[in-house]
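Okay, so here's the structure we're looking at.
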Amino acid sequence: MNASRLPGFNDTSQDQPYPTSSEWFDGSNCSWVDAVSWGCNVTINGTSTNATSTDVTSFVLMAVTSVVLALIILATIVGNVFVIAAIIIERNLQNVANYLVASLAVADLMVACLVMPLGAVYEVSQGWILGPELCDMWTSSDVLCSSASILHLVAIATDRYWAVTDVDYIHIRNEKRIFTMIVLVWGAALVVSLAPQLGWKDPDYLARITQQQKCLVSQDLAYQIFATMSTFYVPLAVILILYWKIFQTARRRIRRRRDPPPPRPTSADGATPSGRPVQSARDRRFVKKRFLNLKKCNQRTRAETLAAALLLTEGQSTSTVDTLDEEPRTTAFTINEKVPPSVSPEKSSSTVTNGSKPERAIVPAPTHREKKESLEAKRERKAAKTLAIITGAFVFCWLPFFIMALVMPICQTCVISDYLASFFLWLGYFNSTLNPVIYTIFSPDFRQAFARILFGTHRRRRYKKF
């Protein structure tokens with residue numbers, strides 16, 4: 001960073017401390033209001049200078065920056081702690097698929113605890129004033145945690161892809177397999193982060209810290225190509241390809257139709273093929289109630305199927321993803337419970353008689369063609385929106401920084417604003433703030449767990465088994 005943007009860092013060759021508030025107006029007859037409004041001569045360490053509104057603006061900007069960065073750090077810590085706590089506390093979230101989510105939350109929490117605070121000090125002071133040793137530690141932690149966070153997204157996308165495209169995957173998705181993926185993610189991130197500490201640094205690394213007060217990861221061109229390719233560009237390509245294949249597979253299955261079978265015929269006297277009529281008003285109410293319940297269940301299951309296939313955090317992901325291979329159910333309902341004696345146990349239809357006037361109790365398909373097509377379009381839009389949020393947030397947060405990281409060592413004459421470089425860096429960090437939101441907001445299990453953690457509520461799940 002350019003260290004000349006705030007008073008006290010204009011001359012890096014002198015060991016001059018940053019002036020305190022009392023030094024600003026030592027030996028002068030003007031106040032803060034005078035300095036802001038009119039400007040006046042003040043004495044700082046025996047040197048007369050002109051305090052203007054620019055100096056105060058810099059001070060206000062520094063204060064605002066401190067508050068904003070502190071809020072980002074706090075939000076990142078709280079969000080990822082909530083995710084980890086929810087998985088630890090809630091038994092229905094303790095499944096192998098959510099181990100990847102927990103590991104991602106740990107990586108993002110490390111970004112918030114190890115990387116962001118020192119980065120905030122760097123931004124507020126407008127220069128690295130903590131020495132080469134802490135710079136090495138900070139850059140290594142930065143690369144380790146940020147790379148692990150990004151590579152976890154690849155592991156999550158891979159897990160989803162296997163779950164959607166391989167019907168047998170849920171049977172081999174065990175702890176050993178998921179833990180192997182987690183170890184590979186952290187191992188790759190560790191290799192990239194330790195390479196500069198093992199000697200892969202550019203010649204100006206130390207001079208940049210001591211003379212220019214800039215703490216940057218190694219600007220060696222070969223290392224930057226290796227690091228950016230292995231921790232962003234290749235993972236980005238993999239994520240885009242996998243999510244596109246997931247979307248294509250899910251859309252193809254959503255659009256798959258099966259013509260409903262013809263309703264079972266009834267005899268002239270209103271009896272079903274089994275010869276057992278449904279005669280009473282009580283029976284009619286029973287049939288109607290069972291149909292409405294099953295219709296709700298059917299619609300909910302179809303609506304959630306694609307979302308469960310696309311999202312990693314469904315507590316019931318194993319059972320829900322299974323349903324992706326099933327055709328949408330548009331036939332008449334099935335009664336699988338005990339029925340009154342006068343109700344036919346036939347699965348497809350039954351007939352209700354009221355006195356001499358028979359009534360067909362065969363329930364039509366839950367949706368007509370037009371309604372079905374509308375529902376399919378709605379589910380496809382939801383799938384596209386979900387994937388757009390997941391991939392869009394990742395690309396939006398990290399792409400500017402990694403373009404800059406690759407351009408800087410290649411183009412030695414290119415000048416990138418320090419403010420722009422800081423913004424791109426913190427935009428990448430902000431992805432660790434968004435991850436706990438993006439990867440849990442679509443899961444009702446996580447939402448209920450967060451509510452219980454926040455409000456101590458223990459709401460019974462309103463899921464009915466049929």
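Indices start at 1 and increase along the chain as displayed.
Glycine residues also receive a Cβ, built from the backbone N, Cα and C atoms like all the rest.
Features of the protein shown, as given by Swiss-Prot:
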REGION    1-21  region 'Disordered'
TOPO_DOM  1-66  topological domain 'Extracellular'
COMPBIAS  10-21  compositional bias 'Polar residues'
TOPO_DOM  90-99  topological domain 'Cytoplasmic'
TOPO_DOM  122-136  topological domain 'Extracellular'
TOPO_DOM  159-177  topological domain 'Cytoplasmic'
TOPO_DOM  201-228  topological domain 'Extracellular'
TOPO_DOM  251-386  topological domain 'Cytoplasmic'
REGION    255-282  region 'Disordered'
REGION    339-360  region 'Disordered'
COMPBIAS  339-353  compositional bias 'Low complexity'
TOPO_DOM  411-419  topological domain 'Extracellular'
TOPO_DOM  443-466  topological domain 'Cytoplasmic'
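Counting residue by residue with DSSP, the topological domain 'Extracellular' (122-136) contains 10 helix, 0 strand, 5 coil. Helix, strand and coil counts under DSSP for the topological domain 'Cytoplasmic' (159-177) come to 14 helix, 0 strand, 5 coil. Under 8 Å from some Cβ of the topological domain 'Extracellular' (201-228) lie the Cβ atoms of residues 1, 3, 9, 12, 122, 127-132, 135, 138-139, 142-143, 147, 192, 195, 402, 405-406, 408-410, all in the same chain and six or more residues away from its ends.
For the topological domain 'Extracellular' (201-228), the predicted model reports an average pLDDT of 87. Secondary structure of the topological domain 'Extracellular' (201-228), assigned with DSSP and counted as helix (H, G, I), strand (E, B) and coil, comes to 14 helix, 0 strand, 14 coil.
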